[in-house]
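Undergrad: This is the structure I have questions about; it appears just below.
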Ligand SMILES: C[S@@+](CC[C@H](N)C(=O)[O-])C[C@H]1O[C@@H](n2cnc3c(N)ncnc32)[C@H](O)[C@@H]1O
């Protein structure tokens, strides 16, 4: 039974499982499952094989009776297989290593036979786990649907061993190992397989928030919450520290499901009886020992704010890679215009900016004598024409509007809009590319929305350079400037989706994507700025920027799969509009971020800055970006000469 009804949330995180600690022999498994399901757990993490088993010639795998004890749908919907924990593929003991390999393969084969969705692999027993990864990699080559979740403790304290000279004589000393490093080396050895995921063991102590944040960009499928990570509230019930609660909410928001593990440390029936609490004196004979932990997890889930309506609408776009629009080279479709036009926030920002510009342009004394010439360049189906006329009405300024649009299909709709609204005397429609239109007069105000997720990536600079010819020398451009921003991110899902194309071109392409399972590793930085009108002595739209990102020290090392890109536009004076996370315009949904991938993810050791270069290059028929990392290690220059991705002029 799901943890709760959170409107719009259909992610896996609604389901909560429990770990079965003992091997349920024979007919016990159906009973254990039925008791857990009736206690509102959704699935079990259960051992499949007697842990006492060691392979021997002719030995039959001692499974929990046959596959017939559960129905096929019960196996696949309610059981996650737990691979035997004794398995140690990097042991010094050769026999143990060989037995481990045979057993691991046998158990996975059995789990595949049962059509389980996933199996949890035991944590690596040591930091060097190449043989373990090699065997898992073999297995992954042959798996079709099943995922393997490598179990990794969120924080790992290890006694110092003989490798640590200083501690040789002090066996009490421990070091904290960054367990992300284990995961990273394991997945690198397994070539970033998309079927290799993570199950994180959440213990009573947690590393820093920055270090935890890295996991949100990794394929974490489950958080295994140990009962001893829980505290006890004043009434004797299990609860979690504030930091654990925040982490749990983070997991829920990143579609990670919880599995409760361990023995109960809270005897609730006794607490209820002793404290005389009438609400908590149920019959313990029917109460699951882990029930109070599940209730607490459900409480945290239900306490979360409902997903905002827009977020619900966009849920299917999460981490879905889309090619950016090319509104200059292509003609947009009606459906695309319709989506734009739903974003009332965007148009009200424009209306505010236009109103301010009109008031600055024409003083109150001049309103009856001066008519402002305003040109909407790239008018689409007319929403900015409407915003302009509304701004004129609001401010009492007279307006003459030209609506310039190069898409002949949108022009048809523009004509019918003007007729429908009775704006014939106010608006002149020009069916032309703004770069070659011979305007009959000059404009006081030029209004455009030619912005892409990265600001200039839909060629607003090139189009507005063309339109600037018919802007009065003291005329106003709305927007007056826009700036692009980037930040390094971990995004293993996006990386794997691009890798699936098996070519370089897809790694040299920028994508529009609603980022979801990503870790943002450092604050955003500005990349390119364009000002309009362009009065610079060098009118070129080519740009080059070198940036250094410092990852917070307590993050530890991390893997960068690419750069998330955003923009912010100054429409007029203090009216802005954008998607840069720190200043994003609330409730505006016209733009998702852009993602610039890296062909090979870059490992960034702790405290090492990332140096990245971005170029905006212009040719006679196209504009394109090139990008490269030079520190901590060099990447190739991506998209050299626009060979894989470009925007047509
Ligand atoms: C992003 S859409 C915005 C449309 C509309 N202003 C809105 O907000 O819904 C950009 C529009 O500009 C048009 N456009 C792009 N480049 C143009 C050019 N060089 N000349 C005229 N129209 C252009 C496109 O056809 C498209 O209709």
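Yeah, the Cβs are placed from backbone N, Cα and C, and that goes for glycine too.
Worth saying up front: this structure is predicted, and the values here are computed from it rather than measured.
What TrEMBL records for 41-303 is domain 'PRMT5 TIM barrel'. Under the heading domain 'PRMT5 arginine-N-methyltransferase', TrEMBL lists 309-478. TrEMBL lists 337, 346, 347, 405, 433, 434 with the feature S-adenosyl-L-methionine binding site. The site 'Critical for specifying symmetric addition of methyl groups' annotation in TrEMBL covers 340. For 449, 458, the entry in TrEMBL reads active site, proton donor/acceptor. Residues or ranges marked as domain 'PRMT5 oligomerisation' in TrEMBL: 481-647.
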Undergrad: Give the distance between the Cα atoms of residue 337 (S-adenosyl-L-methionine binding site) and residue 458 (active site, proton donor/acceptor), rounded to the nearest whole Å.
TA: 15
Undergrad: For residue 340 (site 'Critical for specifying symmetric addition of methyl groups'), list the number of other Cβ atoms lying within 10 Å of its Cβ atom.
TA: 16
Undergrad: Can you name the residues of this chain that are 6 or more positions from residue 433 (S-adenosyl-L-methionine binding site) yet have a C-beta less than 8 Å from its C-beta?
TA: 406, 466
Undergrad: Which number gives the other C-beta atoms within 10 angstroms of the C-beta of residue 405 (S-adenosyl-L-methionine binding site), all protein chains shown included?
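TA: For residue 405 (S-adenosyl-L-methionine binding site), the 10 Å Cβ neighbour count is 24.
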Undergrad: Does anything in the same chain, at least 6 positions from residue 347 (S-adenosyl-L-methionine binding site), have a Cβ under 8 Å from its Cβ, and if so what?
TA: 383, 384, 386, 387
Undergrad: Taking just the CA atoms, what is the gap between residue 434 (S-adenosyl-L-methionine binding site) and residue 449 (active site, proton donor/acceptor) in Å?
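TA: About 13 Å separates the two Cα atoms.
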Undergrad: Which of the recorded positions 340, 449, 458 has its Cα closest in space to the Cα of residue 405 (S-adenosyl-L-methionine binding site)?
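TA: Comparing Cα positions, the candidate nearest residue 405 (S-adenosyl-L-methionine binding site) turns out to be 449.
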Undergrad: Write out the long-range same-chain contacts of residue 458 (active site, proton donor/acceptor), meaning residues 6 or more apart in sequence whose Cβ is under 8 Å from its Cβ.
TA: 324, 325, 326, 327, 328, 450, 451, 452, 647
Undergrad: Between residue 340 (site 'Critical for specifying symmetric addition of methyl groups') and residue 346 (S-adenosyl-L-methionine binding site), find the distance joining the two CA atoms and give it rounded to the nearest Å.
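TA: One finds 9 Å between the Cα atoms of these residues.
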Undergrad: What residues, ordered by sequence, lie under 8 A Cβ-to-Cβ from residue 449 (active site, proton donor/acceptor) and sit at least six positions away in the same chain?
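TA: Set apart from residue 449 (active site, proton donor/acceptor) by at least 6 residues yet with Cβ under 8 Å, we have 346, 350, 378, 384, 479.
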Undergrad: Cβ under 6 Å from ligand 1: which of the recorded positions 340, 347, 405, 433, 434, 449 qualify?
TA: 340, 405, 433, 434, 449
Undergrad: Looking only at Cβ atoms, how many others are within 10 Å of the one on residue 434 (S-adenosyl-L-methionine binding site)?
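TA: Counting Cβ neighbours of residue 434 (S-adenosyl-L-methionine binding site) within 10 Å gives 25.
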Undergrad: Let me know the model's mean pLDDT on the domain 'PRMT5 TIM barrel' (41-303).
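TA: Here the predicted model's pLDDT, averaged over the domain 'PRMT5 TIM barrel' (41-303), is 87.
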Undergrad: In Å, how large is the greatest distance between any two Cα atoms among 337, 346, 347, 405, 433, 434, the listed binders of S-adenosyl-L-methionine?
TA: 23
